[in-house]
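Some notes on the structure that comes next.
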């Protein structure tokens with residue numbers, strides 16, 4: 001690797017290297033033309049907690065995993081031609097949560113923290129403020145217009161980010177009816193898991209969250225002796241069975257492990273529910289590769305099933321980068337980001353840019369940073385080159401707050417005495433908290449495909465839903481982009497007659 005780095009550095013010392021690279025980028029920019037026709041398909045990728053600093057660090061990690069310096073790596077999302085910034089504040093919070101932000105990018109309105117699928121008139125935890133304040137997602141609207149729809153997540157499928165695409169709840173934590181206060185049940189509120197199978201006809205559901213779908217006390221198939229992972233529903237309803245029963249005659253399948261998942265034939269399967277953990281799925285670092293599919297596997301399977309619909313599809317894909325950051329463990333978060341980007345890459349291989357609008361963004365950022373005047377090629381999880389003023393070393397990656405605040409006799413711990421490359425190493429922080437917090441800065445929006453040029457400049461986060469709806473001509477938009485032509489500039493129904501006419505004119509004129 002050292003020899004490779006030396007060759008790279010030698011090449012980069014030549015001015016012509018940078019001039020040629022910039023000319024290529026300029027040529028590509030000059031050739032760039034917006035695709036102004038209607039999008040048949042939409043894929044919305046959400047890197048939960050994926051701030052700009054997380055993207056930059058993950059870019060370096062992906063390069064270093066391939067034996068390179070890292071900084072020069074181009075992520076799949078980096079190659080998207082259109083870029084914007086998203087303002088992530090919510091109606092009641094300067095620094096938002098995943099529930100209110102999900103309502104913004106799914107449903108098109110900013111909302112209050114802790115609530116999903118409701119406008120800001122709804123008050124967190126007050127059930128009676130639900131009714132009349134429901135807002136509907138782009139996923140829901142896509143299904144209403146005949147498209148196939150799906151959600152893929154490495155969290156539980158009832159988590160705030162996917163929940164806002166199908167549920168309306170004053171509490172993001174009402175995963176099952178057991179999690180609800182009796183007053184809310186009496187007032188007519190419904191838990192998120194129940195709404196998953198009743199509100200919107202979702203064709204593909206892949207992630208975690210088995211325990212919220214089965215009657216209280218039901219043994220988990222993967223952890224049959226675990227009392228903490230048994231079924232959680234007090235109403236005794238089996239929502240997995242209910243989902244399957246509602247799709248009799250539709251070639252619907254339910255799976256809970258990778259063997260079953262791999263055996264699913266996408267050509268003969270129209271509906272698929274896969275719940276691979278009792279709660280959230282495991283971090284990629286700890287994933288059982290023989291038991292659980294990756295985010296790449298799930299994204300691929302979802303696209304292959306949904307893309308059979310001639311009217312198109314809407315797919316939501318989320319990765320739990322956020323959870324690694326909350327734990328203060330950068331390796332968990334950044335490894336998730338690398339896998340997330342690989343899922344973006346796989347989706348690009350399985351779809352056509354001419355008919356699929358793909359958006360990659362985040363719900364919010366985190367108080368995660370890296371710096372310290374590190375040299376080129378410095379291991380992303382490594383030390384800064386100089387010691388701090390307290391004469392102690394520090395890693396390049398640090399958090400502003402979180403559980404990594406460890407002082408011994410008033411002094412920071414000496415990190416050289418531990419393995420700071422370990423999968424569970426907790427980076428040091430400036431302020432002690434049980435869990436690291438979200439960051440309030442803008443996050444990036446990457447876009448490609450039909451109408452992707454709508455994503456430019458600095459936008460309110462709720463704009464994302466409106467741009468998606470307009471691009472695919474979904475409610476409330478009716479004055480929409482035109483339908484796409486064929487690759488020859490006309491639809492197949494028009495192309496043949498025109499060709500025949502041209503041929504006849506040529507014969508008559510010869």
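If you go along the chain as it appears here, the first residue is 1 and each next one adds 1.
Quick reminder: no glycine exception, Cβ is built from N, Cα and C everywhere.
Here is what TrEMBL says about this protein:
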- 98: active site, phosphoserine intermediate (ACT_SITE)
- 48, 159, 161, 318: Mg(2+) binding site (BINDING)
- 48, 322, 326, 363, 364, 438: Zn(2+) binding site (BINDING)
- 211-234: region 'Disordered' (REGION)
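Using a 10 Å Cα-Cα cut-off around residue 48 (Mg(2+) binding site), the recorded positions 98, 322, 326, 363, 364 reduce to 98, 322, 363, 364.
Taking the mean position of the Cβ atoms of 48, 322, 326, 363, 364, 438 as the Zn(2+) site, the remaining same-chain residues with a Cβ inside 8 Å of that point are 49, 97, 98, 321, 325, 362, 365, 366. Checked against residue 161 (Mg(2+) binding site) by C-alpha proximity, the binding-site residues 326, 363, 364 yield 363 as the nearest. Each residue contributes its Cα atom, and for residue 438 (Zn(2+) binding site) and residue 318 (Mg(2+) binding site) those atoms are 17 Å apart. Residue counts for the region 'Disordered' (211-234) under DSSP, helix first, then strand, then coil, are 6 helix, 2 strand, 16 coil.
Taking Cβ-Cβ distances under 8 Å and a sequence gap of 6 or more within the same chain, the neighbours of residue 318 (Mg(2+) binding site) are 45, 46, 47, 48, 151, 152, 153, 154, 155, 159, 161, 162. Neighbour density around each Cβ, counted as other Cβ atoms within 10 Å, peaks among the binding-site residues 326, 364 at 364.
There are 27 other Cβ atoms within 10 Å of the Cβ belonging to residue 98 (active site, phosphoserine intermediate).
Of the recorded residues, residue 98 (active site, phosphoserine intermediate) and residue 326 (Zn(2+) binding site) place their C-alpha atoms 13 Å from one another. Counting only residues at least six positions away in the same chain, the Cβ atoms of 46, 48, 49, 88, 96, 98, 101, 102, 105, 161, 322, 443 sit under 8 Å from the Cβ of residue 363 (Zn(2+) binding site). Highest Cβ count within 10 Å among the binding-site residues 159, 438: 159.
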